[in-house]
Amino acid sequence: MHALGRIPTLTLLIFINIFVSGSSCTDENQTIQNDSSSSLTQVNTTMSVQMDKKALLCCFSSPLINAVLITWIIKHRHLPSCTIAYNLDKKTNETSCLGRNITWASTPDHSPELQISAVALQHEGTYTCEIVTPEGNLEKVYDLQVLVPPEVTYFPGKNRTAVCEAMAGKPAAQISWTPDGDCVTKSESHSNGTVTVRSTCHWEQNNVSVVSCLVSHSTGNQSLSIELSQGTMTTPRSLLTILYVKMALLVIILLNVGFAFFQKRNFART
């Protein structure tokens, strides 16, 4: 009977913690699981942070729980796993995450929050906070995803074309044009998980002189204006005009040459 009474208490504490801590920590796409057989309550959270920004990962508020041991288990995608733990009874702090810019946000006996001072691609992975209490264990799992803003470049091409490129973004950026043109977009994936997107567009209409490239990304959007190179279109009428001009120039040249020839001949006779 006592074991059954533990679970509702833990569930209530979790609900209060999510509501209160939402003002200081970013919680996205949370799911709560309650395992009555093992007295384990788990919260899963997906978190996206821009590269070079500070990340704050919340656990359960220790003042609300009679915690004994707080442990962060960190599993990076491209680095060995490491742990950061604090024993509240012994007041001891242990870590195997040295050199990764991952520390307690404050003193763990007051707040078990974890912070990453400057997020990098190597910090992607899962961060699990485990709190051991006499009433049961609490577990909060973060899936940390790093966002990388792309480097945007653009330039006009030949024959009324323009190129817009979003280099090394994560996730891949999306490129659109105004007005619409005849576009070809290609993507190139890199070994670090970033993607370069390159879009080349062509406009046949002579009345289009300036176009806009919109680069959409999770870290922010950029809109750029490009002035098209004023390449002339070779229509049949323009080809005929060019031909007539060339023929007229040729006739003039021949007349001048002939006139000079006869003048020289007449001069030689005299």
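Including glycine, each Cβ sits where the backbone N, Cα and C put it.
Looking at Asn34, Asn192, Swiss-Prot tags one of them with N-linked glycosylation site, and that residue is Asn192. For Cys201, the disulfide partner named by Swiss-Prot from the candidate list Cys164, Cys183 is Cys183. Among the candidates Asn29, Asn93, the residue that Swiss-Prot annotates as N-linked glycosylation site is Asn29. The disulfide partner of Cys97, as annotated in Swiss-Prot and taken from the candidates Cys82, Cys129, is Cys82.
Geometry remark: Cys97 (disulfide bond) versus Cys164 (disulfide bond), CA distance 41 Å. Among the recorded positions listed here, namely Asn44, Cys58, Cys129, Asn192, Cys129 has its C-alpha nearest to that of Cys82 (disulfide bond). Ranked by Cα separation from Cys183 (disulfide bond), the recorded positions Asn44, Cys164, Asn192 are led by Cys164. Candidates Cys58, Cys129, Cys201 (disulfide-bonded residues) were compared with Cys164 (disulfide bond); those inside 10 Å Cα-Cα are Cys201.
For Asn44 (N-linked glycosylation site), other Cβ atoms within 10 Å of its Cβ number 16.
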